[in-house]
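Participant: Have a look at this one before I ask anything.
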Amino acid sequence: MEPQDQTAIVGSRVTLPCRVVNKTGALQWTKDDFGLGTHRNLSGFERYRMIGSDEEGDFSLEIYPVMLDDDARYQCQVGPGQAGEPGIRSKFATLTVLVPPEPPRIVQGDFLVTTEDREIELECVSLAGKPAAEITWIDGLGNVMTEGLDEIVEALPDGRRFTSKSILKLTPKKEHHNTTFTCQAQNTADRTYRSARLRLEVKYAPKVTLTITSGRMTEGAEVRLACRADANPLDLTYRWFINDELMAGDFTTEFIIPNISRRYHDAIVKCEVHNPVGKSEESETLDISYGPRFKTRPKSVQADQGTTVTLTCDVDGNPPPDILWIHEDTGKVVGTSVNLTMDVDKRTAGRYYCKAGVQGFHEIGAEATIMLKGKPTISSALVQFGIPGDNVRLECLAFSVPKPDHVVWTFKGNEVDASDKDYTILEDPLPEGIKSTLVIRESRDQHFGSYNCSVTNPYGSDTVEILLKAQILVFSETFPLLLILVCVIGGVILIIAIAMIIILCQRREKKPQDCRDAEKQCKESDRSSNISDLKMELRTGSSVSNVHCELEYGPDSETGSESVVTRVGMPLAGPVAMPVNGGENIYRYSTEFTEPIFPPKDGQNNNGYVPYVDYSRDFNPPPPTTLGIESSRESLTMPNIDPRYSAAYGNPYLRNSSTSLPAPHATHNTHVSHAVGTPAPPPYTPATRNGAVPQVARLPHSPTTQYIVPNSQPTTVKRGTLATHV
């Protein structure tokens, strides 16, 4: 058996077979004609050995592990035998050793920054492959790239291995941004791809998308446009244009047009975005919906019978408006286009109505008249009226196409002269004729009668007789005017009266707060029975305040009435000299008043308060004395009096504990002012004191006690503290 050509991969095991029968000579293997030895262990070649056995005649050559140096031609040889047998040789067997390439490498590294549309070269190198490596490029989307490749194979110095280079020429696009390019290398020694990767960052100008976000654009609405830009880097600057005119304002990704009008229809809005790489732009044409508006209104025309005329109704709108022409006389639709062409005759003459509408908006309309030329026609009233003594107007209304040349008024066969001081002629042109007015100044009886009005145009004339009659006014005609005048005057008077009443009421309600406080103090003082000398001062001050309120607001006011009651009450028992300072109370301020100190009851402290007492047990009638009345400056001898009229009757501080109170008199007369009388005693009883328990207050005897006395019994009363309740 002879060895055959074989291929082996570096590191593998390879066996070159060689079997010899009837071997007589020595056997050896040669490598590229170099003998390896005759012993089976092949000394000096550690990776080589002959396997098999002599009995089987198997002398196969085994190489392990295969190295690149083993790539050679091998031959199995048997030398001559001892008996002169000739030697033999096998044919040459070529062992081809394959070497996998080294992992590929991208020269530019694993990351590259580039700019869109600028061509770059990516180089992938695979070293020491046998055979030379095959290199494949794959883009970031998984596609094998076959265009723009340059392949280079270079042999290494050993002449057995090769270096492969693959150069990819690429024009980066936005789509290549942040994608990975892969270089794969392989050869027949190893079909497993070895690869290298490169991530590509592409800088590119903005990619702009412009959209209208506000929906349907209607006149008067707000329009919003959004500009989205995809760019690298994201250092963006926005600019907006309308019809190539730069818009001012701080607009970035959104552009707002408030209250958009029809003038923006078909306008081109452009968004331009810049970044350091470049600029990009996108535009959008505005489609504004708006209602109809006349560009050209239809105009009336005058035409002779048998001619042809055209009426134009040019209307702007979006969507284009629907136009209808309607003949007023017949109510029929006679046209749907901008122009209406008609043959003029009596049937087609008249008024035509142009109606234009856009869905979603209000309709508009205009009218025009085809006027048939002819002689004038007068349509004024044949009987007209005027008031003698007033200016009278006679009207002559004429339909005339074309316009009349002149209008003539005649009266009693004579043409009315406009220069006559009694007459004035006024002419008012009308679209389809003329109105002539004859004004008679300060008309008299001779001015009333029949007048003739004649109107003439190039096609003829027309005359009408107008009868002017005198009109006499009756009361029924003037009564409505008088009624209106009376109602207006009466209404004005009524409004003035209501306003005055409101003002007076408001003035009455504006009483000063001090008057209200003084009135309240007076009422509280009258309801109290345990009153002290301090209350007298407050009562006096209240009376002064009440007098002030009465003088300011009048005696009919509530405060004034209260002061009157205070002044006409029961007079005091004697003169009381109240300290005054310039006519005012000496205690003008709260800090000037000294709080009185009251002795305690039975050695107990009552904090200045004295409980209700039983007046019937605590009073002694005073001995007769002489009372000096300051008002009369006389000393009077008083009759016996009821003790309840004493100044100490209602003041427990002026009584002693041993006094007793007799039963009251049944009848008393009241004395007012300086006269002495016997008023009805107050009903000071336990029942009227809300069930108060009678008590006795022990205070020092007052040497200045005064009394209010009746005139029944003469007696002399002591001077003392002024009674404050009458």
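Cβ from N, Cα, C; glycine included.
Features from TrEMBL:
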COMPBIAS  662-672  compositional bias 'Polar residues'
COMPBIAS  704-718  compositional bias 'Polar residues'
DOMAIN    1-78  domain 'Ig-like'
DOMAIN    104-199  domain 'Ig-like'
DOMAIN    206-289  domain 'Ig-like'
DOMAIN    292-356  domain 'Ig-like'
DOMAIN    376-465  domain 'Ig-like'
REGION    662-686  region 'Disordered'
REGION    704-726  region 'Disordered'
TRANSMEM  479-504  transmembrane segment
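Buried or exposed, and what's around them? Tell me for each listed feature.
Facilitator: Assigned with DSSP, the residues of the domain 'Ig-like' (206-289) fall into helix, strand and coil as follows: 3 helix, 47 strand, 34 coil.
The DSSP breakdown of the domain 'Ig-like' (292-356) into helical (H, G, I), extended (E, B) and coil residues amounts to 0 helix, 39 strand, 26 coil.
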Participant: Could you give me three numbers for the domain 'Ig-like' (104-199), the DSSP helix, strand and coil residue counts?
Facilitator: 3 helix, 60 strand, 33 coil
